[in-house]
Amino acid sequence: MIPKEEIMGIFEKYNKDEVTIVTVGSHTSLHILKGAKLEGFSTAVITTKDRAIPYKRFGVADKFIYVDQFSDISKEEIQQQLRDMNAIIVPHGSFIAYCGLDNVEDSFKVPMFGNRAILRWEAERDLEGQLLGESGLRIPKKYGGPDDIDGPVMVKFPGARGGRGYFPCSTVEEFWRKIAEFKAKGILTEDDVKKAHIEEYVVGANYCIHYFYSPLKDQVELMGIDRRYESSIDGLVRVPAKDQLELNVDPSYVITGNFPVVIRESLLPQVFDIGDKLSAKSKELVKPGMLGPFCLQSLCNDNLELVVFEMSARVDGGTNTFMNGSPYSCLYTGEPLSMGQRIAKEIKLALELGMIDKVLS
């Protein structure tokens, strides 16, 4: 892990009046960049030329850093270009996937918003399960391997893959049949299979809850809630049951979009409770904890219990549903507030208070 002191040494050489907020052109970059501009920051996007159109059309980026391929992000010449523009990187799922988690931890020497040490706790299922479990959250039962399957389960794989390759099954035979099918289609590799995470299939309504922890205020804020459009499952459920049987198609759970929702108000104390518990435990297990945006993906069962099955330790894709604010985020200021602008507000306040070390790593 790059020492915090080294990152802050780099930042100390910056022109603090010309800080540029930078991210990769994908995932949640539109509201990250727009939010930064609304708070008076210069912005830049890292992109390939064929993916630059949205950032030009929407006018969210002041500068463009072009790469031949997104994996070039970690190259030293790109890092130097970022440092030269006094960059603060806001990481999201695509940035981590393209740069590579090992590079983010050990060789990407550009100041980054949030705690880069916690990103591995999202990527590795055992660490994620430890953090969720020790936080005291209700989580699905975990199975040690396919031979332990004794009822409906969901099979998942590590990393920010947007649900690709996930599948439900009920028996060990069904597990291996679906593994073989996905491997034949090139969706899964043998290495993926070795890292398969098998958990209890919880029946309930899905709520992806977006939080922001402010280290400057020491407060967890509820920013918004969304649900996902997933292919092919959301298409299959529109097909009558008898026709589904005839189609004989195994559903996939690839996230293709998101839509905003609100949760019943009587559940909000539970929503804040699980966010507070995760934030507190993260400070113990991976100091300084969950800084800035994070997400808890949950299912609400018919007992009105929130079961948390996954977390994001950085800005989650579902925050795109409230680029102009959510029913919750607007309650803090009385004005529309996106997650991107909330991040920029924290950076701006940290600079004003001389506490920028509290939000960077």
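The backbone N, Cα and C atoms fix where each Cβ goes, glycine too.
Taken from Swiss-Prot as is:
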type	residues	note
DOMAIN	116-348	domain 'ATP-grasp'
BINDING	146-208, Glu230	ATP binding site
BINDING	Gln297, Glu310	Mg(2+) binding site
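Where Swiss-Prot records a feature, it is marked here on the structure.
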residue	record	DSSP class
Pro146	ATP binding site	helix
Met154	ATP binding site	strand
Ser170	ATP binding site	coil
Lys178	ATP binding site	helix
Gly186	ATP binding site	coil
Lys194	ATP binding site	helix
Val202	ATP binding site	coil
Gln297	Mg(2+) binding site	strand
Glu310	Mg(2+) binding site	strand
Could you give the mean pLDDT over the domain 'ATP-grasp' (116-348), rounded to a whole number?
94
Residue among the binding-site residues Pro146, Gly186 whose Cβ has the most other Cβ atoms within 10 Å
Pro146
If you count other Cβ atoms within 10 Å of each one's Cβ, which of the binding-site residues Met154, Val202 has the most?
Val202
Quick one: Cα separation, Lys178 (ATP binding site) versus Glu310 (Mg(2+) binding site), in Å?
22
C-alpha spacing of Gln297 (Mg(2+) binding site) relative to Met154 (ATP binding site), in angstrom:
14
